Amino acid sequence: MSATQPITPISISLPVASTSAAPTTLSKPVQRKLVPVGGAYAAHARRQASGKTFDEDDAAVKAENERLAEEERKNQPEDDGVGEEPESKELLQTSDPKNYKALDMYAILGLSNLRYKATQDQIRLAHKKKILRHHPDKKAGRGGDANDDRFFKCVARALEILDNPERRKQFDSIDETYSDKIPDAKTKGDFFEVYGPVFDRESRFSETPVPSLGGADAPRDQVEEFYNAWYNFVSWRSFEWYDKEINEGSENRDDKRYTEKKNKSDRAQRKKEDNARVRTLVDNALAADPRMKKFRQDDKAAREAKKNKAKGITTDPKKAKEDEAIKAAQEAAAKEEQVKKDAASKANKATDKKAKEAARKNLSKSKKAIKQIVTDNNYFQPPGSTPSANDIELQLNELDLIANGLEPEETAELKKSLDGTPDVAAKREAIVSSAKKLLDVGKVESGRFQQFV
Amino acid sequence: MTAAVIGLNFGTGYSSIGVVNKKGFADCIANEDGQRQIASALAFNGEEEYVGNQAKPQLVRNYKNTFTGFRNLLGEEFTENIPQPLLSAPVTNINGIPSYSFHAHGKDSSLSVKDVSVKFLQSLAKSAEEYMGKPIDGAVMSVPHSWSQHKRNALSEAAKAANIPLLDLIDDWAAGMSAYNEVLGAADSNVLVVDMGEYSTAVTTVAARQGLFTPLSHLSDASTGGQQLDHALVAHFAKEFTKQTKIAVPTQFSADLSENDRRALVKLSLACEQTKRSLTASNSAGIAIESLKDGADLSSQVNRLRFGILASKTFHAVGALAEKAVKAAELESEHIDKIVLIGGSSSLPSLTNVLAGIFQNAEILSSVDPDQAIAKGAAIQAQLLAARDVPDLPSATTEMTVNVTPHPIVLAGEGDENAVVVAKDTPLPARRIVAINPPHGKDSAVLELYQAKNEIKVVAPPPREKTDDSEDEEDDEPERIPVVVRSNKIASLQVAVKGDAPIILTVVVLDNASVEIKAAQDGQSPVTATVQAP
């Protein structure tokens, strides 16, 4: 809303008596372009849109401004004794700003009843009050020791930490006011009384709002939603607070790095443990939840009712039990059978595999043996004649081709057949037939075999 | 939480970004390179893409892949006589759309003027977002007054393609006025807005009436701008270089320049631009170019006075343009109360001197840096639009006409004395509240309101004593004083006076020019009068 119109002072000496000139008519206005820029234009447009006169608009603006001011006042943080908790003598005297990690920041600001629930505004307000009260100069006025500004420094430190969202989270993570204990199966007492407060306590670490435990008569989807949310719980809890201080002055880089590394792993370890703790809590709760037990029973009853309906039998719990036992026995038998079958096929597969493996292993051996056989038989040349160098080379090359083209088992078979017959011609025939096989399959181009055809 | 709004000044030569900072004040921000004046340029070099000031040095060796001056071509169709940039890649015709062909990423490709503009606008938006740390909620951009609706639409489209949520387009001069809103908002003044940019100069006379702006006249000149100042410096230093080294350097770009000459000219132009900028702030500035041509270096100095002489032609052209604009608004130069300087070249003190010489009654506003004024003003307007005091402010692109007062309304004093209550050209409906000291020792006062005329009273200088030295001849020129002269009476009110408390006079002029008058001392029952319009 724009400010009200300024009053322009004019310095002019007014005449005392009216001049004789008679009033005349006004001139007509002319038209010009107006640029819709600037705050004055907004006010002009507002008046045009509302059709209000200047005075009416002034009143409207004034009312609006008052309303805004009222709203502003309402939004101001309420001061109901924030930060005015009684300060114990112990707190005042033993708080040591140097050992700030041991301090209870909320207690120092007088917010120990609010703790993590304190708003930013409340923290700032409490800090303001505390520094006014504990400023060393004031202490001197009251006859205290003006040089003792330890608590004052603690107050400053508390604001430094709580006003920074990141550091506040670090402090809230390790706030010792709240126990980390979780109930287990041995814990006695009403489920809701035992677990309700624990979940409420843990929910403060959640990145997103999580539902609370609810009552004994909570509807099913609400309960399921609860466990779903808690199994997907993402915690912002972190453990930087326990970090060992890195000695900044230290010249020793290795030392520094070691500490850094150690801190990091410690944090990760703690975080892991904390996550496991929350998980256990949810597990325990789920196991102990009377509502879940009831839902399971309901489910079972519904299933049986459905089954019986399909069979057209009225519900007879005894018979149902017997049926179930029979069915279970059948299932068990079928399962056993299946297991046996599986084992058998597994064994088969294993033998096959073994054979293949062996063939592959022996491949080079077989290759060598074949070559040896060919060499021993004078390269299938008439006995007594010396095979030409060209023939030898070609034959060896072609043997390589054959051995590479054939599967390892086939190579092994070829070797076996070669070993099997003493007849030289038959041996050659075996090799030729292998070569032909390769040609037929197309693994080797025709014309590559000149010797073994 | 304030909205993240920005004002963008997308200029032909340079651009700037205005944002509303956390304290709610408009601020011109620097981009990642620390530049507040971001060159409107884009360059490709191999795999690299350069935007802004980083693209400018590419003009030396890689001008074929460097684009400048694309803003002015937005929304234009390709014609033979399209203005071709002299130093950067030529504009080519692709399906009738002005485009740039270039070689990058190992292949030849082309980008239309719109695509280049979008890329450039994206980089501006990115800088703004990085500064604010959150996405932009709204932006106001400024355009030259002379741009057609078609060109404005083309710019809107480019902004949309660059993912800038455009709130409005406002005229450059209006953005300048917006930057001075606090000064102009409370008073009635005739304002001259001088926008001297890199490539052109525009002058607007505006009737500013308590923050409402109605333009009276607008003139622009595309042949006057920062470029001409650069040329003057280039010519000067080229001559100096030739004198020092006996090597000739061209001073004008032409198509038949050798590669060597072209490179020397580009180097010199870029360096002269820097020198010109330095002269804004300091009294003298140096120039140093290594290996300007044939391995010879240039190192020299120029002071403000010398520069003023070199560039006086350009500055006087701006002055003449301003005088013409004032004439077109049917005003005399004495009627101009305030001068607003916007645009990068307006910050030169030599221009201020020329304008101060012509408009003797004018106060040259200088609280906002001229080269940041447009961006800041646009940001202020964006802030206003984002706040939406009024449900639906019409966009600046819609023509708005309004009735204005044809004559000033004055309060008559004793003798010929008059005081303006409602100035001429005040948009209607208007209200003015004035406080007048009552006549001393009297129990009543007469308030008489007149329609009046703005005139110039020429006062002959008092005859000088005859002295021997007749050096200051020009002092004998007659003095010209703007005055208001009563023409016809509107109303007369008799107000009772008690004590010395001021009389508060409220004059409301309705949309049809009817006048409502109310006058009284504080706490007294007011005397009223209403004069109906014909």
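Backbone N, Cα and C atoms are what each Cβ position is placed from, and that goes for glycine too.
All annotation found in TrEMBL is predicted automatically rather than curated by experts.
Note that this is a predicted model, so its numbers are computed, not measured.
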Annotated stretch (region 'Disordered', per TrEMBL) among the listed ranges A:1-27, A:136-162: A:1-27
Helix-strand-coil residue split for the compositional bias 'Basic and acidic residues' (A:333-360), DSSP-based: 28 helix, 0 strand, 0 coil
DSSP helix/strand/coil residue counts for the domain 'J' (A:104-175): 50 helix, 0 strand, 22 coil
For the compositional bias 'Basic and acidic residues' (A:290-307), the number of residues DSSP places in helix, strand and coil: 18 helix, 0 strand, 0 coil
